[in-house]
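K.L.:
One structure, as structure tokens, below. Some questions next.
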Amino acid sequence: MFKTTTRGINWNRLSLLLMILPFLILIFLFSYIPLFGWSYAFFDYKPGLGLLHSPFAGLKYFHLMFFEQGSELLRVLRNTFALSFLGILLSPLPVVFAVLLNELRSKSFRKLVQTVTTLPNFVSWIIVYSIVVAFFSTDGVVNQLLMKLHWISEPTQMLSNSEGTWLFQTALGVWKSLGWSSIIFLAAIAGIDAELYDAAKVDGAGRYRSIFHITLPGIIPTFFVLLILSISNILSVGFEQYFVFYNPLVADRIETLDYYVYRIGIATNDVSFGTAISIAKSIVSITLLFSVNYLSKKMRGQAII
Amino acid sequence: MSKVNNPIFEVLNYLIQILFVLICLYPFYYIFIYSISSPQEAIKGVYLLPTNLTLSNYSQIMQLDNISWSFLISMLRTIVGTLVTVFSCALCAYIVTKQELHFRKIIYRYIVITMYFNAGLIPWYITMKMIGLQNNFLLYVLPSAVGAFYIILLKTFIEQLPASLEESAMLDGANYFTIFRKIVFPLSMPIIATIAVFSAVSQWNSWTDNYFLVSDERLQTLQMILYNYLNEAQILASSNNINLNDVGSNMKRLTPESIKMTITMIVTVPIMLVYPFLQRYFVKGLMLGAIKG
């Protein structure tokens, strides 16, 4: 079926390679070339000079990160872990929400709830920031209402309250992603054999028993996979959310590892130091990923990647 | 589940759901009614219904040069970016399904492995500058052109297509690209639609690339403009932009709040417009992802 000539090149076959080549080059440019940038961490990189003319620095920047700037790193890690930990602590919420949603008998109402609650997931953090400013700033809706009702005499300072930052940011994350995260559990519930429920009903099981003995065991495997993946992502809490909500008053509590990399590498233009932090983060993340994958294989006989 | 055996549970469940729906919906509703209320009335408080219904906020905001221009830029990056992503990923996916491709296994691994590592922000930033994408519209389009995850989804789909169609076209003398264009691409529409919708939403919502690498005023995205308006301090600091209070007094009747709310609405509306399509496809997309994982 191919126009093969007995000698020379099969142009038709080669055309496949030629067609995909431009895309392989794009991948090389955007995914592989940045890897070479890891070498910046071992030089005193000066943007104007280029790598070839920058003096070799060895492990100077790693030393700087762990020892000289150690207290800063600790503070940033504390914030990152606190936010990750709160996120993981609340990770059963989508499961609960999916189970409750599944128990609704009106199909159209279920559809409505699902439609509305997934909406926040699809707007950018800048939109969320705009909404939060409109609601929680000193002259925002929430303060206006509370003042009118005389429940408070002074406006609350949600956006500049350092102590409440972790909880507030976690709550915003839940608001944005709860509906969306529950979809995967709804799909898992839909995959449970309906006969199990019928059999349980014949045996006299009520609603709670069905939930605890059929629905929950049916979605635990999915939950477990997502949980260990989130453990391997513990250092990556994201950048956009904490960037838009960053202000000097909450800086101490909101600066995460990703923000720290941005601040060092781009805002203050210390490329080598910023890259060193990136590398340390990548190494920890990859180690975590393979560890949880190994544990998952040992414990459940199933790899997750 | 056919008979109600616990009315308290039922009522409580409905209450919880309604509460959550309100928490998700009301913020958007509030911004909407604020943006169509007369600014002077709105500042005294609007909660449930718009006061002095008007569309003049929109007409005045759209007259601002940087708003209408960056709306175009955002639209352009969304449309061009989505088309480029869909075309590139579909073509790559089709090619890697061909057994005849030289180095097929190596090429596929070379693509897939990019999902598992990430050089990090700074090396990415320097690379973009190095290859000349700073202050360049292509920055919005090229880096997201080929995505390993999308290619996996498409490849799985294309592999399930009946081989007979392709073989008969081959006998008629069609080359690979013609087959891709005339047969594979149209037949893959369900998965392509899914990817197009996701890609469009992420294009419309992205702004970090703009923030890090594009300072050119003519290339600002709408998200970035909104962010700048939200941080009045930043606007005051940069002379190129318009001072919020100046805008208010020049155009009269606009307050900083109604400017912010109206722009927020302009940034949100396109998402709401594609939302029905999103809804139709997102469960499908998510499930495909789950199967892959």
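Note that Cβ sites are derived from N, Cα and C of the backbone, with glycine treated the same way.
I grabbed these lines from TrEMBL:
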type: DOMAIN; residues: B:71-278; note: domain 'ABC transmembrane type-1'
type: TRANSMEM; residues: B:12-32; note: transmembrane segment
type: TRANSMEM; residues: B:67-95; note: transmembrane segment
type: TRANSMEM; residues: B:107-126; note: transmembrane segment
type: TRANSMEM; residues: B:138-158; note: transmembrane segment
type: TRANSMEM; residues: B:179-201; note: transmembrane segment
type: TRANSMEM; residues: B:259-278; note: transmembrane segment
K.L.:
Under a Cβ pair cut-off of under 8 Å, which of the recorded stretches B:67-95, B:107-126, B:138-158, B:179-201, B:259-278 contacts the transmembrane segment (B:12-32) most often?
P.N.:
B:259-278
K.L.:
What else in the chain is close to the transmembrane segment (B:179-201), if you only count residues 6 or more beyond its ends and a Cβ gap under 8 Å?
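P.N.:
Long-range Cβ neighbours of the transmembrane segment (B:179-201): 78-79, 81-82, 85-86, 89-91, 94, 144, 150, 153-154, 157-158, 161, 165-166, 169-170, 271, 274, 277-278, 281-282, 284-285, 288.
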K.L.:
What residues elsewhere in the chain lie close to the transmembrane segment (B:107-126), defined as a C-beta under 8 angstroms and at least 6 residues from its ends?
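P.N.:
Cβ under 8 Å, 6 or more out: 92, 96, 101, 146, 148-149, 151-152, 212-213.
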K.L.:
Grab the same-chain neighbours of the transmembrane segment (B:259-278) for me: Cβ-Cβ under 8 Å, and only residues 6 or more beyond its ends, written as numbers and ranges.
P.N.:
28, 31-32, 34-35, 57-58, 61-62, 67, 71, 75, 78, 193, 197-198, 200-201, 204-205, 222-223, 225-226, 229-230, 244, 247-248
